[in-house]
Amino acid sequence: GGWRCWRGADGAALRWCISGVLCASFLGLGMSIAVLGPTFPNLAANVRKNVSDIYYIFVGRSLGSLAGSVVGGVLFDCMNAALLLALSMLGTAAGLYGIPWCKESLLLTVLMSVIGGSMGILDTGGNVMALNTWGSEAGPHMQALHFSFAVGAFLAPILATVDSGGSKSEELAKAEKTNQSVLAPVPTASAASTTPAPEDHQDGNFLWSYIIIGTYILLISVFFFVLYSKTNSARDKSKASAQKGKRAKHHWPLIGLMFVFFLFYVGAEVTYGSYVYTYAVVFAEMAESEAAALNSVFWGAFAVCRGAAIFGAAVLAPVTMIIMSLVCSAASSSALAFFAHYRASLWAGTAVYGASMATIFPSGISWVEQYTVIEGKSASLFVVGAALGEMCIPVAVGYLQGRFHDVPVVMYTAFATSVMTVLLFPVMHKLANAPQDSDAQVVSESETRKALLSNSRLTEDEEDEEEVREWNDADFEVIEMNDKLKNSLTDTSLRISGDAPAEASLQPHPDDILGDAPVVAGGSPGRQNGNVDWEK
């Protein structure tokens, strides 16, 4: 009953308000993540450490994000979504306000973990809230959600380096544009470690970037509290209860494969974005400015395609968008793995690869939601898979690249992960379209109805036949009554005619009167009377 209030003009306006607040929150999420890169040297200076010695703050934020995704998935199923997201935004704002004044590395790591946990809750809950709000119409809104994240990740480095005047900070800002996903990869920290600690004149910009982003996120949390006052948990519970019958037959195997699918996809996205600059300098022997331009082409195509997908999702089914993305990813990664020594192939492959990565995550969530219920726990597994891919695959590539200097590991990784996603999706599609038990029950119920109808028809036919038999029996009884009546009339007429007692005694049995009547009449004078009686 709670979702009935979403019908009509007021309900439509409320849904659009929810989408707007969610997009604004994801823009803040992107800024919160991306601001760390350009300000990383300042953080090291604040805690009196070298940049290379505080890499563990990335680990702390990653672990916090994983924990937040899991905890958020559980909490999202038992409390109001808007309230949970409002509290997570408050936690993010509090962490951002505290970081500029943090003077201890341990406290900095704790604050990073708090921010990571809050962002994990937002990343999980935001996707589920968008699905619950729009249902089958969620496609464009999911794309807008993740496009807002990309815009935020693009704006934060610009905000962090405004009026800084430091060329090193500008380079860091460009490098940080490569971080468009949920967690900051370890390579970002190692890249930042090559930059010396900033001078004191940068502290003002460092401080205000965190204050501005924190204030923006605090404002968004107020909007979530307003939404909480307009909605209630009964709506969410009624929605969940209404969707329980839509659970796929292989729900958890499907969710598990989506977990692996997102692990490879996000891992490949972050790995290529983090290492393409190094590849261009080392293997393609590009100048640093040209390598930075190649890196920008990747993320520029990524952001533009995500923006275009908002409109594309309105006319294309999620499965169509996924197939198009997988085909383009396979083709471009093949070109990058085997033909990257050609400059044209490198530039074109990078652009197409970035575009093909843009829509897979939001389209994947919209696609699986068509076949099964996506609750908080399911969405948290998607985010955890993406986070693990972002943590593990770049680290593995960095390790292998250090061991095999002459092998372009990043390109082969892009090809391998593309092959894995191309192989996984048909299996997931097969599981998603498996006939459900409820479908079998419907079939059996229809067969039962048919059997009952046929039995009822048979019963009606038997009743008709029984009725016919009864009528036949009644006819036979009438015929017997008529025969007895005729016999009695014959007997009476014989007595009245004055025949001799001997003739009367010779009268045949009534049962044989039809066949023996001529014999009884003999040549007696009563023959005429007998004939007259039979004629009568």
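Note that Cβ sites are derived from N, Cα and C of the backbone, with glycine treated the same way.
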Range annotated as transmembrane segment - as stated in TrEMBL, picked from 105-123, 181-199: 105-123
Sequence-remote partners of the transmembrane segment (54-76) [C-beta within less than 8 Å, at least six residues beyond its ends]: 36, 43-44, 47, 84, 88, 105, 108-110, 112-125, 128, 182-186, 188-190, 193, 375-381, 383-384, 387-388, 390-391
Contacting positions for the transmembrane segment (207-228) when only residues 6+ beyond its ends and CB under 8 Å are counted: 17-18, 21, 24-25, 28, 31-32, 35, 38-39, 80, 82-83, 85-87, 89-90, 92-94, 96-97, 99-100, 156, 159-160
Among 144-162, 322-340, 379-397, 409-428, stretch most in contact with the transmembrane segment (254-277) (C-beta, under 8 angstroms): 379-397
